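All remarks here apply to the structure that follows.
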Amino acid sequence: MMTSGNLAYFTKTRNLRLHHKIHTVRELRAAVCRTQPSTDISNGAVDEASVCTSTSDSESERVRCEISSSRQYVDREEFGEHGAAFLSGNYYPVVQEVTASCSCNERKAVDENPSMRVVGTIPTDFPLGQYAYVGPNPKFPVEHYKRWGQGPGQQDFGLGVGWHHWFEGDGMIYATDFCAGEKVKYRNRFIRTTSWERETKHGARIFRPLMNADGPTFLANALANFVQSGKFMKDSANTALLHFAGRTYALQDTCPPWELDAETLDTVSASTFDGKLPWYVPFTAHPKILPWTGELVFFGFNPVSPPHCTVGTLTPQGEVSSVNPLWSLPFVGSIFMHDFCVTEHFTIIFEGSMDIKPIRQILGIHPLQYNEGKRARFGVLNRGARSNNVSWFNCSCAQMVYHFINAWEDKNAKGEQLIVIVGVREDGFFHEAMRPNGSSAWVQQAVRIGDKIPRVHEWKINLVTGEVAEEYLFHVPMETPRINDKFVGMQNRYAYAGRILLSELETSTQLKFDAIVKIDLHERKTTVYEHGPNRYGMEAQFIARPGSEEEDDGWLIMYVHDESNMSADYQGCTQCVILDARNLEAGPVASISLPERVPYGAHCMWRADMIRPGETFKGAAHDTNVVAVDAKINPQNRPKLFAFTDSQKGELLDATARGISRLALGLFVHGWSPRIAFDDVSRYAFVRGAGLRLQELNGLEKARARQSNAEKMSDGLLIPTLELYDIEDDGSCRLVREVLNILDVAYVCKPCSQHLSKYRSELELLRGVPTGSEQIPYLRDTRDERVKKIGPDAIIQYLYNEYLDGEKPSFLVSLVGWFSKASARTNKTSGFTGSSTVLEQPLVFWAYEASPFCAVVRKALYELGLPHVVLPCARGSIRRDALYKRVGAFQVPFLEDPNTGVSLFESSDIVDYLKRMYTS
Ligand SMILES: [Fe+2]
């Protein structure tokens, strides 16, 4: 809900924007720039920092991000304090998988794709590649994430319940590709792990919460998970991304890496690196690639099964070269580990003070606790020695680190060897701040005292004396630090991290970064770029300028979410922002407004070998291939059977009556026949049960088979060769469409109204006759420019010759055709009401002629003059199976808009979308 205070602020912010009219990043750069000291949250020390801030880009309001239906806040009573925080606002999950692309050219981008565009200038030497981010994004509607037992399909068995935890949400990847031809492409995809597939098929959560399940509930839930799924905990692959040796992986501490198809981002499978990674070794979310050898070093932390800690390496080719189990403590417990360090010769693991002790369940508390009595320590392994000997070095007290910045080898004045480690020390802060309830009060207390706030800290391990010298380097609250990856394991100067907005943590317990901080370890100073009012950044990736030698010569790229104008149905817009790492004060050099928001998540990566390694965004040769555009929907967004609005009743009744009067012609594919077969849940079935399904066959034989094979090869998105110019409500045109359904032939429809339209003019040129005297329907086949068929008889004869090996039309077709001709040409076409929208690609319309629901959508497409590919789905069509496989359900109408990545099922939703997007 928007309070009066929020409303006043919103109004003030909006008025400011209207007055200033900041339209471009160049203007934005000059908007507000100031210098101020950063806030000291602990001991009065003040870091010198130059601070630059921006306002929201006012033009971002024009970008449509209203696709996800959602609410701003969920209830703390029902979801718990933590669950409510991490399911609200921009933590609210997105439901749709989208694909969209646009040109980098600002003006052209607005014209091409109103839902995605580039503001500012992507530097000419910016490399081709992919910025990708991942985070938890629960797939079911939020009511499934209430306190366990209150959500749909959940049962409490009396041992307590448990609450949803942010870490347990399903993984989703959000990728922005910088492609040849100055194109930018955006995609988001669920990571379809075994757990994801299992719960999706079930239609509700199976895995009970563990992170927020106290005492005996933890064990009961873990056992219930194992009984139902064979796993104690859910594998979500929601924490980090890795692109290594040509392969892309989604990572989570407690599960194996999940490989994604690097090109499509589809989930491939859990990876064992060709069977060489043992099943008991989970793969860290923070592996390190050694810049000097190209090898990858990893560790595995297993909280359940021994060995609890393992270290290993991969060759630059991605093959496992070593796996060394370190220790097992089956009854005592294990230490929670999230990150580690490497230097030239050493691998350094960190045993912080968060430990897991099964006995705590008997005491009624969660087995994972921040243990004030456990002193943290570093374990140093000599990689060259290839032994499992770990040398331990104790820290001064209990400590916790989620993320290290870097580590390197050095010597002191006495010539003694040191290992220098820099990281964000937080001493159990996030563990406490993410408790299911009571976390706000705890955070307020922690912020007031200040000693547990995440800050950059340095440890110097003296390998000769065994001493560990410690100090905080900065007092700005920060997290998710990154560096220039070329300096991993070597002494470096710069790091980049998100500044935590403590006031937000105190009030809503939401973790948000209101600024990006550049850390200078040499000068011990920071430069801060504030994202602007209501704007929050996600983890930043450093991208080196091609050929650069200086450590900070490059860019920072990150998603920044604008929470301005948030309401019950609108969670704001996200931009992909590029900053010059050497000149943060100048503000973004470019920002890309995305077609869908990116919920706040976890970690990011940069993939440099995506298309043409080494080529830059504008130096690359233009790619003549149009960027492939695809659209998928989350099976959660399943269609509702026979859903329609009150305003549609008249149209539906009219369409139903029309279908009856035409003897349901076009409802069945030629030669339709039913058959009982053994069930296969991956296939469409009209009816299924008792292990059987009703299979529908057709008699289209060879000619149709050739076309269907071609469609399969292109994932159902083949652009057909047939182009039909027709009128929606004309009897003869309808007869042609019915025959196309009977023959199951896809075609491009170019709607012509009785009034002037783009396609009427096009037809006039094709026919070489004045407007009004052209004959419609008109069909041409782009395979042969001589094929231009006019009128229903010629077209139908051509279709039967071409697609049914010369058979004659059935008696039913002839009968309805006779009625169509006899019943005078009423041609009661609706007037052309849409704009002459030029679409980069036609819409894709899965439908069949006899369906009244499809008729409602078809009417809107014709009225708006929108070209569309019709993929007929009459009974017996193979496309029913294709759609089922594509989106996990079959129902038509189903519309895909490859220009925006939007895909929708419901006729009312589709009509609303079309009018919103394409009415001038
Ligand atoms: Fe992490």
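Note that Cβ sites are derived from N, Cα and C of the backbone, with glycine treated the same way.
Automatic, uncurated: that is what TrEMBL annotation is.
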Residue from H243, H338, H561 that TrEMBL also lists as binding Fe cation with H286, H403, H603:
H338
In the same chain, which residues outside the set H286, H338, H403, H603 have their CB within 8 A of the centroid of the CB atoms that define the Fe cation site?
T239, A240, T284, A285, D339, Y402
According to DSSP, how is the domain 'GST N-terminal' (841-920) divided among helix, strand and coil residues?
33 helix, 18 strand, 29 coil
Count the Cβ atoms, other than its own, that fall within 10 Å of the Cβ of H338 (Fe cation binding site), considering every protein chain shown.
19
Quick one: what's DSSP say for H338 (Fe cation binding site), helix, strand or coil?
coil
Model confidence over the domain 'GST N-terminal' (841-920) (mean pLDDT, whole number):
84
Going along the chain, which residues six or more apart from H286 (Fe cation binding site) have their CB under 8 A from its CB?
A240, H338, D339, F340, H403, H603
